[in-house]
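S.K.: According to TrEMBL, the protein has these features:
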BINDING   CYS234, CYS382, CYS458, CYS461  [4Fe-4S] cluster binding site
DOMAIN    2-219  domain 'Glutamine amidotransferase type-2'
Amino acid sequence: MSGVVGIISGKDCKENLFYATDYHSHLGTSFGGLAISDGRSTAKKIHSIARVQFKSRFAEDIDFINMHGNAGIGVISDRDTQPLIMRLKFGEYAICGAGYIDNQDELAKKLIDEGIVFSEMPNGKVNQIELAAKLINKGKTLVDGIEYMHRHIDGSMSLLLLGKEGVYAARDKYGRTPLVLAERNGDKIVVSETCSYKNLSFETKKYLGPGEIVFLSSKETKQLRKPNDILQLCTFLFVYAGFPASEYEGKNVEEFREISGRIIAKHDSVEVDFVAGIADSGTAYAHGYSHESGVPVKIPLLKYTPGWARSYVPPAQETRDLIALMKQITADVLIKGQRMVITEDSIVRGTQLKNFLLVKLWNSGAREVHVRPACPALMFPCKFLYSTRQLDELFARRIIKQFHGKHIENVEPYLDLDSPDYRKMINAMEKDLNVTSLRYQRLEDMMTTTGLPAESLCTYCWTGKTVR
Ligand code: SF4
């Protein structure tokens, strides 16, 4: 998903930029990058964070230690190396972003055919930040260029640009990824995750609207482009990707998860000995379930956190599987002979749940395992963020493919909870996962729990429907 930070400070911004960027580490495991401007020149540093955490990489980096200035941007990136320093026709900017350009190949080809050169092409793919910058460069002004970029990309892209004059923050045209402005005694910070500035004593000032562009400097905060009317915030931020202390459009993630767990319990009638969440995101759902039902919470799966990345993010399946296998350790005495509800944020591929977590529970002597994901079955690969890309990666689609011998286009019957096809799919899933029962959260319940208007939420990965 990636997360970004931009900062303007009355003093050297380095330390605050470092911590605020680090607080986005749950959003990516590929690269961490920082750029700092002293008003005359901009220095940047990028590190791979695939195996070594952002903090460790930068804390002892002599180049970073020597970077000083009052304005900076930082990024935790799930795919591209960033920030990039690009000389546009409007000036020189360090640029970073959060999003995904689904039509990147087509756009890159068009630009290359026009004679535009791309410097960064790892694995034959353009760097999306470079692509975004080259599209921006086609505008008459910086703002016009950002609008041009938004008009031409399929997907989403929220960007920060650091120039000599200050920081430009431009939220994606439908606001799928957040950008939030906060202040502290004249200092300004703009971030993806509000949790990133809470310990730095900044206070939230404004959630940028979809497509909104603001300029930040020590002298002013200026709106350069008004927000669009249509918001399509990524609902998966609440379900899984966001950090629990964060707020999106003013709504807290942990509260969403706790209430979701209550709703799951309200619709549930199984008799169990305890409820357990798969850490980390599943835990709050388990607490909500317990508060509603009176079923006690236990922790039969203990997560050994130090040194392990989130298993959703690393691109290689073997890496994800290894992480899933090694991270969770069973407390066998809590499991043997017990009936349990397991709350989970979602089932994406299903392979880790099936091959590692459930096997561990059964091997430890579980009597019944009832799985309760906090969102509906994922049916469509996300095309707005760096996430699942193929139908075959999605558990629900693989099950449906078994019925038809191929992937089908119209999955409507499998979205209708009252249809025989939906029941057939759930039965096949229960068998495939080897669980006593499986029940997904309802789409309407998930959306209502966000506390935001339904029309302001992106639910494409569950419904296949979107505003573009
Ligand atoms: S498709 Fe799903 S993961 Fe992608 S932006 Fe929409 S809600 Fe988020």
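Using N, Cα and C of the backbone, Cβ positions are placed for all residues, glycine too.
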S.K.: Give the helix, strand or coil assignment DSSP yields for CYS382 ([4Fe-4S] cluster binding site).
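M.R.: DSSP assigns CYS382 ([4Fe-4S] cluster binding site) to coil.
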S.K.: Take the Cβ of CYS234 ([4Fe-4S] cluster binding site) and count every other Cβ within 10 Å, whichever protein chain it belongs to.
M.R.: 27
S.K.: Name them in sequence order: residues not among CYS234, CYS382, CYS458, CYS461 whose Cβ is within 8 Å of the mean position of the Cβ atoms defining the [4Fe-4S] cluster site.
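M.R.: Close Cβ neighbours, site residues excluded: ARG176, THR235, PHE236, PHE384, LEU385, SER387, THR459, TYR460.
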S.K.: List, in sequence order, the same-chain residues at least six positions removed whose CB sits under 8 Å from that of CYS461 ([4Fe-4S] cluster binding site)?
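M.R.: In sequence order, the residues whose Cβ lies under 8 Å from that of CYS461 ([4Fe-4S] cluster binding site) (at least 6 apart) are PHE236, LEU378, MET379, PHE380, PRO381, CYS382, SER387.
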S.K.: Quiz question: given the binding-site residues CYS382, CYS458, which has the greatest number of C-beta atoms lying within 10 angstroms of its own C-beta?
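M.R.: Going through CYS382, CYS458 one by one, the largest Cβ count within 10 Å is at CYS458.
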S.K.: Return one of helix, strand or coil for CYS458 ([4Fe-4S] cluster binding site), based on DSSP.
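M.R.: Where CYS458 ([4Fe-4S] cluster binding site) sits, the three-state DSSP reduction gives strand.
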